[in-house]
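Notes follow the structure.
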Amino acid sequence: MEEVKVDLGIHSYPIYISPGSIGYLGEWLSQADFSTRTLVVSDTTVGPLYGETVVASLQANGFAAELVCVAAGEASKCLTAAEKIYTQAILAGLDRKSTIIALGGGVVGDLAGFAAATYLRGVPFIQVPTTLLAQVDSSVGGKVAVDHILGKNLIGAFYQPKLVVIDPAVLETLPDRELKAGLAEVVKHGVIADNDFFAFLNDNSPAILAKDPAVLSRIIRRNCEIKASVVEQDEREANLRMILNFGHTIGHAIEAGAGFERYRHGEAIAIGMHGAALLSRYLGLCREDTVLALKNTLLRFGLPVQSSECRAEQLLSFIERDKKNISGSINWVLLEDIGRVTIRSDVPADLVKRVLTEITGI
Ligand SMILES: NC(=O)c1ccc[n+]([C@@H]2O[C@H](COP(=O)([O-])OP(=O)(O)OC[C@H]3O[C@@H](n4cnc5c(N)ncnc54)[C@H](O)[C@@H]3O)[C@@H](O)[C@H]2O)c1
Ligand SMILES: O=C(O)C(=O)C[C@@H](O)[C@H](O)[C@H](O)COP(=O)(O)O
Ligand SMILES: [Zn+2]
């Protein structure tokens, strides 16, 4: 089994990466001081696939585990779904030492984490991510949230899990579209922090798209290391952590502007990264071939780089509500080279408009 540590003082936790690991969850949790009552939160696709394995592992180790499933999809990242989890937690008698376990993709992780952060003012939270996106990004770092109609992840908290259990074998059932969406965040990590890893992705694209287990495990581990390192230096996004948001200023606006269901998060982020790269180019921060290297990598992984679903004006109103903005000024994460980004708040509005028009075609 591989292990990556997230070093956050008293909030430190391990990430275990191993095929078959979802069957060991009960054993690992029984070694800590948690109450026996526990709630597994999943969705209507993942619950039927892997819920029984997880619940059986918990029950075999003395836990009274219950499974609650929300509808699969981004629409479940809402307060109504959180309320459903609170109700199940109360009915199941969860106390302050009970765990809430997220078994699913980023939607389930963000939602269950939000419920765990707020139920009884906070109960222990465990991440068992089942999409590539969740295994390389959302299960690590403690951002938990639900969406608001006026913007993405606007209601949330920083709430670290106690443990992350990654089972790469569950990716066997992951649809190709979801694999590709996860690859957008994988590419992002290469772009912001590791140009050798970015080259590795391009050199191994056929194996990655064919879900080669050894290559995927290597990718998962490297992504967890990159993300852990950034979060360890700036847990609450005072400065450095903003780099993990590369592509998200435009990407989140596209998700919200297109009504949250049209694009997978990773797809919107792919378009957003391309937009951020163009903006960087127009500001003279990076070369044209750097923009092309990113664009071609995204296209190689079957990801979109443009969207005709939203209007530039509409995207601007969402961008103005971005969480990185302070006192009305927009903090942009911009590209200098593959492996190096910078944060700038002095980007002229006409350049932003030019890029939004270019990537939306409107
Ligand atoms: N907290 C963070 O740091 C962070 C980071 C990145 C993204 N996110 C959030 O994550 C969400 C996107 O996550 P996602 O892309 O995992 O989407 P998702 O959770 O909606 O999962 C995608 C689809 O795959 C299905 N699925 C999941 N695992 C499966 C498996 N093993 N086999 C078959 N089907 C499976 C799900 O049921 C769902 O239909 C967005 O809301 C985004 O904002 C959060
Ligand atoms: O962990 C982070 O920090 C990130 O920004 C990771 C992103 O991939 C993720 O989509 C995150 O949920 C975005 O957070 P937000 O603060 O911009 O809502
Ligand atoms: Zn993201």
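Just so you know, glycine gets a Cβ as well, placed from its N, Cα and C.
Positions annotated as domain '3-dehydroquinate synthase N-terminal' by TrEMBL: 69-180. For the domain '3-dehydroquinate synthase N-terminal' (69-180), the model gives a mean pLDDT of 97.
According to TrEMBL, the feature NAD(+) binding site maps to G106, V107, V108, G109, D110, T130, T131, K143, K152. A helical conformation is recorded for G106 (NAD(+) binding site) in the three-state DSSP classification. The C-beta environment of G106 (NAD(+) binding site), restricted to residues of the same chain at least 6 apart in sequence and closer than 8 Å, consists of P129, T131, L133, A134, D137, S138, S139, H265.
The domain '3-dehydroquinate synthase C-terminal' annotation in TrEMBL covers 182-325.
Other C-beta atoms found within 10 angstroms of the C-beta of H248 (Zn(2+) binding site) number 25, with every protein chain shown included. Per TrEMBL, Zn(2+) binding site is recorded for E185, H248, H265.
The Cβ of E185 (Zn(2+) binding site) lies under 8 Å from the Cβ of L133, V136, D137, N223, G266, I269, each of these being in the same chain and 6 or more residues away along the sequence. When DSSP labels each residue, the domain '3-dehydroquinate synthase C-terminal' (182-325) comes out as 102 helix, 0 strand, 42 coil, counted as helix, strand and coil in that order. Annotated pair V108 (NAD(+) binding site) and H248 (Zn(2+) binding site), C-alpha to C-alpha distance, rounded: 20 Å. When the binding-site residues K152, H265 are compared by the number of other C-beta atoms lying within 10 angstroms of their own C-beta, K152 comes out lowest.
For ligand 2, the nearby binding-site residues are H248; that is, of G106, V108, D110, T131, H248, these have a C-beta under 6 Å from one of its atoms. Cβ neighbour count for V108 (NAD(+) binding site) (all protein chains, 10 Å cutoff from its Cβ): 32.
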